[in-house]
Every structure is written in structure tokens, then in C-alpha cells.
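Among the features that TrEMBL reports, S-adenosyl-L-methionine binding site is placed at Gly112, Ile132, Gly133, Asp134, Tyr135, Val136, Leu137. Sequence annotations record features per position, and here TrEMBL assigns domain 'tRNA methyltransferase TRMD/TRM10-type' to 1-225.
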Amino acid sequence: MRIDIISAVPELLSGPLDYSIVGRARKAGHVEVVIHDLRSYTTDKHGKVDDYPYGGGAGLVMTPQPIFDCIQSLQKQRAYDEVIFPTPDAPVIEQQKVNELTLLNNIILLCGHYKGVDQRVRDELVTLEVSIGDYVLSGGELPAMVLVDGIVRLLPGVLGDAESALDDSFQDGLLSPPVYTRPANFRGNTIPEVLTSGNHNEIRKWREQKAIELSKKVRPDLYNKFINKS
Ligand code: 6GU
């Protein structure tokens, strides 16, 4: 899979995508992530990529020219399955949709200012708009990295068996149960006995029970969906 990320602040992106699971996946060749500096596409002599909104109002709007030039130059080089625009005024993305995105070959992620990009970009170039939750961030860079992380960790070979994504929170519609590691007694606080019993069936049942209890307590919406489909 190849992911092209377009940003007017590429400095925000380079570091975080170089480390940990995404960094290792890139080095191992499971994914190619290419970052594009939008400023290098502007024809404005002062390097501007935004301007005042027609009709007035607060905040600047990203201009269409550098975005069209950047995306169209990429589209000449290969076919893209989706041009994704992370924005708070879109449906909130859930695990099922992230799973689907892992099946694509080439995607573009366009990072905007939170005040937005010229609507003609959204009408003519963008094929998918997603929010990462009901709160506002100052730009699309963090949401783009959220999407890259969510996708890349699911690509074949990226996670080992031990870290398998199959028992993630949300893959079965429930939150993940609590986990413990050594020592079994930490300052007098001990771990649930079943986890050292060696009885894998009991451990599986305990985890399922804990996942249900936790979901019911902190995410009754997920709990009710789970109960209604089982
Ligand atoms: Cl995708 N972008 C911005 N700027 N803020 C957000 C968001 C996206 N999702 C939630 N808040």
C-alpha cells in the first residue's frame, strides 16, 4: 500500500510516522508513506496557500490552486483509490471503515486547516471525508496520522501473532479486557488468579466477561449494539 499525505505543515508529520509500529512497517516495506509539502506547489510569489473567505468570517481558507496542482500531479503518476479529506464536518470513522481502507492500494490524505479548504476541492477532488471524533483540532495533520496508524497496523505482516489486531477493542464490537504483566504482586496489589491458572478456557471466559462489564459501564452504546446482535 502507498499513502501520500499532503500538508502545508509537513514538519508535523515526519517525526511521528518514523517510529514504532508505523516506522517499522515502512522500513520493512509493508507500506510506503510519502509526505508532500503543499507550499512547494503554490504559484503565489509569497508562498501563500490560504486566503480570506469570500463573504467574510473568521479564519483563512486554503486556496484551490496548490491543492489541485499537487493532487493532479500525483494522479498522473498512478491511480488512487481514494482522496481522503479528514475534517470535523464529516461522519465519524469507525473500525469497520478503517478495516476497509486497508484493502486499498493507493490513497491520498489531504490535511487542511480546520477553517477549511475551498469547497471546489471537496467537490471535485475529494472522494471520502472522515472525522475522527466530535471535537475540533486545529488542522488535519493529527487526524491524518490517526488514520495512517489505524490502517498500517492492520496490514498483513505488520503486527506479529502476539500483538494480533483480531482481539482489538471494537473488532468484536466490545472494549478490550484489562491486561496485566509481571510482577504478579506489585506493592501488595495482586493480579486476578485465573490468569495464572493455565486454564485457557477459563481465561477466555474471564476476558469475555470483563470486556462485557467494561463496555456496559463506560460505553453503553457499544454494549447495547453487542447484546442486540448476539
Ligand atoms: Cl478529521 N480534522 C480536524 N481539524 N478536527 C477534527 C477532525 C478532523 N476530527 C475531529 N476533529
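Numbers here mean position along the shown chain, with the first residue as 1.
Placed from the backbone N, Cα and C atoms, the Cβ positions cover glycine too.
Neighbour count (other Cβ atoms within 10 Å of the Cβ, all protein chains): 11 for Gly133 (S-adenosyl-L-methionine binding site). Note: Leu137 (S-adenosyl-L-methionine binding site) has non-local neighbours Pro88, Tyr114, Pro143, i.e. same-chain residues 6+ apart with C-beta under 8 A of its own C-beta. The Cβ of Val136 (S-adenosyl-L-methionine binding site) lies under 8 Å from the Cβ of Pro88, Tyr114, each of these being in the same chain and 6 or more residues away along the sequence. A C-beta separation below 8 Å, combined with a sequence spacing of at least six in one chain, links Asp134 (S-adenosyl-L-methionine binding site) to Pro88, Val92.
With respect to ligand 1, the binding-site residues Gly112, Ile132, Gly133, Asp134, Leu137 contribute Ile132, Gly133, Leu137 as residues with a C-beta closer than 6 angstroms to one of its atoms, given in sequence order. Cβ neighbour count within 10 Å across all protein chains ranks Gly112 highest among the binding-site residues Gly112, Ile132, Tyr135.
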